[in-house]
Every structure is written in structure tokens, then in C-alpha cells.
């Protein structure tokens, strides 16, 4: 008897903010929905559309007003881009939704990146349900919401610390998202993007956060209900091969704006002993201030550890004189790599990271101990949780009175996660969180149930 095609349970449009750190979790969520028989169309900018290569996903280009120009080029203005994307994106997204109205698969729901709150306006104008997808963790979202609502004054005042939200750990000034604190005056446009996520967020039908049950367990509240943002946890949104393995051949995100160097990395790692390599990566933007870049290099040089460093070619020329030559027998420098593939390799002993949320979730989900060197945005908060809440590594501390982590501190942290009794305890904690991540995404797990509940709501 011929197999029947499973009934499609609805049609969803996903609207991501077009940078790598937002594409990854939202495209992964799209694939997860498709695996559960939901039709998904990704609406993304003309420049970004060709980077999404997953066969099971339909990709439709919409205009941000720049079309063939990437975000982040010299002279790029976040404010100008935001206005242009709102104007052009709203119009072209509406036309896309209209196009499907007359087909046998009209749109049921728009899942929009929280950085694009105008997505809710489009959804409502087209009489669709709407879900806002947050790519930060729940704590960061809750803190930013307080600033957006005026509960905490802007910019954050160091003398007002600690910053408390009922049900969440208190935060020092340096643990706040930096764009409402130390970087508010120098990067106000980034702060505005973060705060603009919240004025209309409670009007959405769903608020999705890329986290999982137990990860940010709120503390007991003596004085009433937790003040954390009410959201549905649907993560970790990383490829299934590294979690529940229920999605066939799901080994990467299927969306890359950069070309990874995979074969060379894997061949090099195969020559190293188990848990002997420090993997060093500071994200798709690769942001390290020049003085910090030098301190990282000195630490790697003095640590005597094997290391694989993802570093832009332009930054290699800024490394201390003699660094490349003196470390060539135990180092591999590449411009980009498949980070999950590297983290999953048995030779990796720790992850020296900026603690962007995607990278932090990947480290947790694969059970890799971490050393956090946060630079800006939400990274300070994530690094705090790495050390104090999850106990899976260390946050490298800045030198007193300076915005820089010295090489001596980095060596201390690297040795702490790679050697001795401290490394044993950290590895035990890392395994615990890895197991919880797998459980959340497995059949009947907390995140799996939440995704199923969303699917059941489609068309109702």
C-alpha cells in the first residue's frame, strides 16, 4: 500500500533579522517546524536569501531598501537601516502574504524576529496570528524590558547597582547588557534596536525564547510572582544531530553568510589528543578590541595549549610579532569554521568565547567547558551565568580600572577548565547541562511540547 503524505498542519512565514546570529536559530526553528509537517516560508532580504540552502525550506526575498548590500559595511547606520527595512520590508512582506492568500496554503502565522517589531503590525493588518522570536536569553530579555518600560532609568547608573528583577539573579552594572550601560553613549543606535523590541511585544500571540526548561530557573519569590518576561521556551535551536537526532541529516544550520573552512579543521583536530585543544572564537562579527586581541594571543602563547583560533585575516597582521611562528606546531588559525562540528570533536577541551548567546548555547548543549571574554551587548550577562549559575567555566575578569582582560587572567581561566580538580567539577556540570538540553528537544521534552502546542494553535 502506498504511503500517504502527512497532512500539512499549517503555513508559517518566518522573518529573521538578516545577520548570522539571528539567522541560525530562526532557520533552525523553521526546520524543526517542517519536521513536524508545518509548511514554512522564510521571508528575508535579497542579500541574505541565497545564504539559506536548506532544501526543505521555501525562501522568498523581500526588500530592506538596500537589497544587494550587506549589513555592517563601512559607514553603515543602524538607524537608517532600521527605518528602511521597516518601510520597504512592511510593503514587500505584505505583498508576499497576499500572494499566498489565493493558493491552497494561505499563511496562518508570522514569526518575526523581535528586532523587527513592525512584523506584528503586518501580521495584524493581514489578520494573522503572530509570534515574536527573541534571540537573547530570558534574563537579558527581562532586563531590557525593564529599561524599555522605564522601570530602570537610561542609561544605567553604576551607582544604582545591583539591578534586581524579582525571580532572577541580581546584576551588577558590568553584568547588564552593555548597550543600556557602558556602551549606551558610544552606540546609542544599538541600544534603540534592543529597546524597541518591547513596546508592542505583549500584543503578540506568542513570545518565543531560545532557551530550555531549567536553564534560567527563577528563584523563589517571597513577594509575589516572578517579574521575568512571560515567554515560551523552544530551544536550544541547534541542529538535531547534536541533540535528539530525530531530524534526518540535520548537521548544520543551513544558512551561512560566511564560508567555513571545514576539512582543514577536522584533519588538524584528528591529530590531537582528546580534550587537549582550546577552541577560540569570538563570533561572526569577530569583534575584539586591538589591545584585547594582543592579550588573547599572549595568553595562548604562554599557555602551551593546542588551539584552533577563528580569526579574521585582517586581524592576523595585528597579532604580536613572532606569535604565528612560535605557535605554529600547536595552532591552527582559520577565518571561519563550522563551529558545531568543531565543538563536537573529542579533541576539544574548552571553548574560549565572547559568550554570544548562540555560542553559549552551543557550548552548553555539547557539554564543552567555557572561558568567557565578553565584549559587549548581552555577552556580559551570559558570561556571568557560565561561571556563577551553570558552573561550566569561568568569566575572565577585567583588570581593575581597565576595560581589558590581561593575559595572566586568561591563562588562569584556561588552565582552570583544562587541568586539575576544578576542571573535573566543571566537566561534571557541563555534562549535566548537555543532558538537559538533549532532554528538552527530545520527544516529549519541555521544548518539544511547547513547539507542539504552538503547531496545534495554527489556524484556530
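Cβ coordinates are placed from backbone N, Cα and C, and glycine is handled just like the others.
What Swiss-Prot records for 22 is active site, proton acceptor. Annotation comment: Swiss-Prot describes 22 as anthocyanidin binding site, evidence class similarity to another entry. Among the features that Swiss-Prot reports, active site, charge relay is placed at 113, with the record citing similarity to another entry. Positions annotated as UDP-alpha-D-glucose binding site by Swiss-Prot: 135, 339, 354, 357, 358, 359, 362, 378, 379.
Positions of Swiss-Prot features highlighted on the structure.
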residue : record                           : Cβ neighbours (10 Å)
22      : active site, proton acceptor     : 19
113     : active site, charge relay        : 23
135     : UDP-alpha-D-glucose binding site : 27
354     : UDP-alpha-D-glucose binding site : 22
358     : UDP-alpha-D-glucose binding site : 23
362     : UDP-alpha-D-glucose binding site : 25
379     : UDP-alpha-D-glucose binding site : 26
Residue 379 (UDP-alpha-D-glucose binding site) to the residue listed as 'active site, charge relay' - Cα separation in whole Å: 19
Of the binding-site residues listed as 354, 358, 362, the one whose CA lies nearest the CA of the residue listed as 'active site, charge relay': 358
Alpha-carbon spacing, residue 135 (UDP-alpha-D-glucose binding site) to residue 22 (active site, proton acceptor), which is rounded to whole Å: 6
Rounded Cα separation (Å) that holds between residue 354 (UDP-alpha-D-glucose binding site) and residue 22 (active site, proton acceptor): 16
Between the residue listed as 'active site, proton acceptor' and residue 358 (UDP-alpha-D-glucose binding site), the C-alpha gap once rounded to whole angstrom: 9
UDP-alpha-D-glucose site span - longest C-alpha distance across 135, 339, 354, 357, 358, 359, 362, 378, 379, in Å: 20
